[in-house]
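Colleague: What TrEMBL shows for this protein is this:
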ACT_SITE  Cys981  active site, glycyl thioester intermediate
DOMAIN    696-1010  domain 'HECT'
REPEAT    142-194  repeat 'RCC1'
REPEAT    195-246  repeat 'RCC1'
REPEAT    247-298  repeat 'RCC1'
REPEAT    300-354  repeat 'RCC1'
Amino acid sequence: MISWGEDSRNGFGLVKPNGLDTTKTDISCVNLIHLKSKIQGLSAGNSVVAFIRNNGRLVSVARIQEDQDGRRITGKLKSVTCKETIRALSCGDSHAVLLSEEGRVLCLDKANILRPLDNLCKRQVTQVACGDQHSISLTQDGQVFTWGQNTSGQLGLGWGESSAMSPKPLKSLSGIPLVQITAGGDHSFALSLSGAVFAWGKNTAGQLGLGDTTNRHAPAPVDCLNLKKTVLISCGGEHTAVLTKGGVVFTFGSGRYGQLGHNSLRDELQPRVVGQLWGSKVTQIACGRHHTLAFVGPSNKIYSFGHGEQGQLGNGVKIDQSVPLPVQLPDQIDERKIEQIFAGGNHSFALCTHGQESEERSNNLRSSVGKVTQQAIDEEIIDKWISECDSKSWKKGQKEITKMFSSASCLNGSFLDKSCDKHYQTSPKQSGLDLSLVRGAFRKLAKKDKVLTEVEAVVQHTLLPSLYEEPIGVEGLRVYLVLPELLRVLHKQHRRTDLTEAVAAAILRLHPDKLQVLGDCWSSLKPSVMTKHIGVWKKALSGILRSGHILRTRDPGIKHLLQVLGHLHRANQKSVETQTVPDSTFCMEEVHFNPIFLEEDVKFWRSWSKQDVDQTPAIFCHYPFLMNLQSKINVFNINAALTQNPPNNRQRTGMWPFDMFLMAAPAPFFELRLNRASLIKDTFHQLSVACPSTFKRFLVVYFDEDAKLTNVYKRDFFLHLFDKLLVPESGMFMYNDTETLAWFPAMPRVEEKRYFLFGVLCGMALYNNNMVHLPFPMAFFKKLVNIKPSLEDLREFSPIEAKSLQYILDYPDDDVENMDMTFSVMWGDVAVELDPKETGKLVTSANKKEFVDTYVNYIFNQSVEVVFEEFRKGFFKVCDKDVVEFFQPEELRGVMVGKEIFDWETLKQNTVYEGEYHAGHPNIVTFWEVFEDLTEDQKKAFLLFLTGCDRVPILGMNQIRMRVKTLPNSSQQHFPEALTCHSLLQLPIYPSKETLQSRLIEAVGHNRGFWNE
């Protein structure tokens, strides 16, 4: 052993004087002590030095006291015999804490009396550390305990906590996979497996590295050290040193004596690289009270800097130095290998071995705080669990499973992505996990049923209740990314959903800030992983709903699953565009909600709408992304029915689409009395003078003073009105080059109020279940559901314009300037400056994306802001915005406009025959032969003739159930007729196929039966 520093000349009494070799200088010396037996470990404080000897069975202690003249004198070495083998120790100012091989903690007081720490007797401790007047321990299951003085928050227990004589758990570090704890003076540090550093306690000189001088009463992450791959921390009295995996040394805190090594005496409030050690490949560091040591393993050299009054720098003179210089080691050291360095108080030490001994002795960089024994679940231990074994081996396996799966820190420290040290890059955007390892591990566990059952029980009954609600950093949240992989395995075996619901509840117990961080982790998942993650919660929820447990639909377990899916949905929306999974991934297509249940849900939703979600029962309307399209349409219609008819004086009605709902009768109507010849004028006039509050009523249309109440007129109204409004001659809209799509004009030619009324009409069409002609791009429907249009939407409306913009984005950066383009553009025959603050601004490689985004935003938002806002106001005067937003843009388009996928075979199969007609009737057989011979356009015309619309409902041709019966009192001279509101075809009996074909084509092509009841 080599020692230098305060009163080290006599070797602390470890050997007789002739056992010392001294490198003499004018003032101080470095002593090479020839020991008969090895020192297993040592530690030094301000007033105590302790050594582990005799293979851990003996601890030798030397205490330093002041005489009457204030001189510090080292007392005689005293031995403390230990009943247990001691493997590590740490010294404070005058006390010491010892750690036995069995993981028991023993405290050594000023009188050298050794006593066990009873509060930790049932826990297996792996590390201990001491500051001046406080102590820390780390248990095998990842728990940190602190005790002692708390004058500056060094116990980390939070504000208002007094000093603690017995160990108290440091809950805020719960679940973090820690590899080191350390302390010095009145401050403390912890280091995680992935290099995250946490600090707390006194910070008057910046020794916590947080950029200020404010004390911390609870652990705080040292963000400046993120991604630095920290592997070791050492604390002095008021300074701290940090070592990275690459051998770089950072120091911070008090620089009063030069102990930071920055060639200055200035304090550093944030970690700063020790420049003169750059490139030296430092392998160990150690801090004394006011000095620092750094060991460069490859060259077997020790560097020192800081306070040198007691010779603790080993530089031959008793002066301070502010830059690292080599310690003047004895010449005999060339024959030995330095294994470990130690510093504490005003002392410095190094343990050495001969070459052969070096191979046998573990190079334990943190032996001053104890052996690092971070547990981890890996393939080897899983193979052991699932292998065939006797009852004794299984009991041992059960204990291991309990130990590992009850520990959040164990799970959080397992399955790390070690390729290229990726786990050191842990952040909200990078969990540090290799999820393929997680999946592989749980798949292997599932090979043995009793192993999986044991894991399931431990997780549910021990792990989940122990999880802390406010873990620090991402590492403490990894467990919430790991457990869903266990749930996936359980679901495949069709096990109960109890654990899934319990995990959901644990996620929701997280503090909102931590839940936000977890959401960021979810946002960063690859789409394939995110899809699997969503599937876990969705499968559990859909399994419960499909099982028919109707009484469970409002219980907390269901609500927790819904809420987790809600958080996942928000996280997915935050993902970068390339990583977002489709919204359809969340949809439970297989779940068909009972309409009566949905009506109850809508009522709950409306009655609890102003309440905090946490205070409400499980309400599915809060999570529309889970519903299939049929359920969304049902909710829309139910909400409309409840709005039209408040739930008083309700009775059942057989009218579609509310035949399963309770309805009020009679219902208030909104009436339009119109003349066909002045359809647009009459409509706009009557809407403009009507009270907007009446727009939500059931619409009734009368034509030409005909008092007959029929849905035929309503369908006719929407069909012809929208056809007239959406032709170029109306002057309301601009059109693309092919005149197939319309958009709102930048310079409208009609009064703004018309757009408000057009919005009312669109809302009425949707509200009254009528598809209409709306030749708008997807951007129209996106804006209605509050989704921002994109370049892709411009590609639909104006392919040439979009192609040009895409060309700019794809153009090589170096050549963009040569295009000589500016932010001045033409749109709708209007010259526009996209950047009003800088006329003629040039498009460059740096701003080309800004140019494209601004241009698209101008087209779809800025240029139409006034007129579209008028339209939006009108639309939402009729339809409730929150219900409309249930739909995705493509769904809303389909509901309002229908689709052009014509499954004529389904129409035939679903046809119902009445009266004398049946599928085999000769006239019916002939009818279908004629129908099959029609052109596609003629078939569409027949659909218009039958239903009042030439498009198919969004849910498909199944939604159209044609009824066919004979036309009363008809002959072969009569044409077929249709009642559009009932999809009823009244077909005369014809003597031949030719006659039927002629009459059908003429009816469909001209009269269409549209005006007749």
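First residue shown is number 1, and so on along the chain.
Just so it is clear, glycine is given a Cβ too, placed from its N, Cα and C backbone atoms.
Could you give the neighbours, burial and distances for every feature on this list?
Modeller: The Cβ of Cys981 (active site, glycyl thioester intermediate) lies under 8 Å from the Cβ of Thr710, Asn711, Val712, Arg715, Gly948, each on the same chain and at least six residues away in sequence.
Averaged across the domain 'HECT' (696-1010), pLDDT for the predicted model comes to 90.
Secondary structure by DSSP for the repeat 'RCC1' (142-194): 3 helix, 24 strand, 26 coil.
Residue counts for the repeat 'RCC1' (195-246) under DSSP, split into helix (H, G, I), strand (E, B) and coil, are 3 helix, 23 strand, 26 coil.
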Colleague: In the repeat 'RCC1' (247-298), how many residues does DSSP call helix, how many strand, and how many coil?
Modeller: 5 helix, 21 strand, 26 coil
